[in-house]
């Protein structure tokens, strides 16, 4: 079993709800994760840069649509949960700036004990500090739980790959797996959950092993635009 990509520790496979993940799924996910990491690292830096900027524009356009006919200006209290991309992930810096310019409150995750996430407001120039739990930078400021946020219109989710059924594979840290499981799509207050990946990381349906606890994404954003993965009444 591969060690945890952050801590180096080896944990038994689990489904974040107390069950055990089938060994064959662990093996397949580890293999797929390795391939996707290698492919991503091999992308030309200029191509990654261009795709990241294109994604920023696509997400900003989508959020403007969510905010209605005001053209994306501030609408009282619209919140988007985003994240700071770590190279070679898609660079989210242009996206954060675009969202802020729309008048949206942008909040970024902070890694907490027991693989939980809290959220801190991001603004241009905000102080950042290195997480003590993950190889990422986090904004400095008051932390809130997701339940304490109001007006969330969109959850942007990092991923190594997303398949056409909405299944996501991440880096293996488990933070977003647990977060999404605690906030399932069938809740009355559910909002769209959209992954962000490079074009080549949208995979065929069934490419990512699905488990009962998995929380599929509603859509995936690439440099070419939004790919809807679900057919329900969420605004995607």
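Cβ atoms are placed via backbone N, Cα and C, with glycine included.
Residue ranges 1-20, 21-40 are listed, and TrEMBL annotates 1-20 among them as region 'Disordered'. Secondary structure at residue 169 (ATP binding site), as computed by DSSP, is strand. According to DSSP, residue 33 (ATP binding site) is assigned to a helical segment. Straight-line distance linking the Cα atoms of residue 89 (substrate binding site) and residue 171 (ATP binding site), rounded to a whole number, equals 11 Å.
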